[in-house]
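Pasting in a structure now, in structure tokens, and then I'll have a few things to ask.
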Ligand code: SF4
Ligand code: SF4
């Protein structure tokens, strides 16, 4: 059988390399050695969560939060637009922190039999709402202080700055904990703590192209449930509206569902 091209993996590698290049270049540009076509753009300039964090301050005080640029709002707008169409595709196709958790998770799957089933449902189901608390809390504190307080615990920022003096201890601790936990749980940061994932997760309720299962052709093998990194029970739904879906397309893959066109992303 002809091997299919994994477009999602290609996209993940591309965005990981792009963010790494932008961060490195920003560092070099400060000593005058940066690449001319990128300029001195920083990670803050392309961070959509900066747009979320500054949005309320902009409405309330008419100012941007410290370090945040208008470009963050543009990024946020583009990503939200994609979210309204396809759900949180940014999480599964572009976010480098999501990608690295997924790659480490592949090692975890080989080593630990109970990978991604280790946390009891009663705890896991409650923990999944913590990210909404992180979202509300960080936006509230950021709006009142006009400082990016989330930076102090942000594993994403630490991932691309751990080697520089811009690294923050709290961020590095969060990064190490996230990467180690990824061996046991699929995307632990995304599932439990990511405030941007929380916001994007809400697009699952309004997205135009939805994950749909045809109950008439489904043979109830539950392969889609096993394939879902976010532990969503696709097999008992006609339409997936779960706030944790990251639009990864694992359940819609021909390699997973044995019955053609039974799980699809469509209007
Ligand atoms: S496997 Fe399907 S339901 Fe699960 S996160 Fe991916 S797209 Fe969403
Ligand atoms: S993998 Fe396909 S056939 Fe199996 S339960 Fe899911 S939708 Fe039904």
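Even glycines carry a Cβ here, placed using N, Cα and C.
Please treat TrEMBL annotations as automatic predictions, because they have not gone through curation.
The following feature annotations were taken from TrEMBL:
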- 9-29: transmembrane segment (TRANSMEM)
- 41-61: transmembrane segment (TRANSMEM)
- 73-95: transmembrane segment (TRANSMEM)
- 129-150: transmembrane segment (TRANSMEM)
- 162-183: transmembrane segment (TRANSMEM)
- 189-206: transmembrane segment (TRANSMEM)
- 209-238: domain '4Fe-4S ferredoxin-type' (DOMAIN)
- 239-267: domain '4Fe-4S ferredoxin-type' (DOMAIN)
Mind checking which residues reach the transmembrane segment (129-150)? Cβ under 8 Å, same chain, six or more beyond either end.
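Same-chain contacts beyond the flanks: 44, 49-50, 52-57, 60-61, 63, 65-68, 191-199, 201.
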Is the transmembrane segment (189-206) in contact with the transmembrane segment (41-61), using three or more Cβ pairs under 8 angstroms as the rule and ignoring pairs under 6 apart in sequence?
yes
Under an 8 Å Cβ to Cβ limit, what residues of the same chain, 6 or more beyond the ends of the domain '4Fe-4S ferredoxin-type' (239-267), are close to it?
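Tertiary neighbours of the domain '4Fe-4S ferredoxin-type' (239-267) are 4, 8, 86-89, 91-93, 98, 128, 187, 190-191, 197, 201-202, 204-205, 208-214, 217-219, 221, 223-224, 227-232.
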Under an 8 Å Cβ to Cβ limit, what residues of the same chain, 6 or more beyond the ends of the transmembrane segment (162-183), are close to it?
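Counting only partners 6 or more residues beyond its ends, the transmembrane segment (162-183) has Cβ contacts under 8 Å with 27, 97, 100-102, 104-105, 107-108, 111-112, 115, 151-155, 189.
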Please give the sequence-distant neighbours of the transmembrane segment (9-29): residues at least 6 beyond its ends with Cβ less than 8 Å from one of its Cβ atoms.
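Distal contacts: 35, 38-43, 46, 93-96, 98-100, 102, 160-161, 164.
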Go through the chain and flag residues at least 6 beyond the ends of the domain '4Fe-4S ferredoxin-type' (209-238) whose CB is under 8 A from any CB in it; none is fine as an answer.
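Distant Cβ neighbours of the domain '4Fe-4S ferredoxin-type' (209-238) are 85-87, 102, 105, 116-117, 124, 186-187, 190-191, 244-248, 250-253, 256-259, 261-267.
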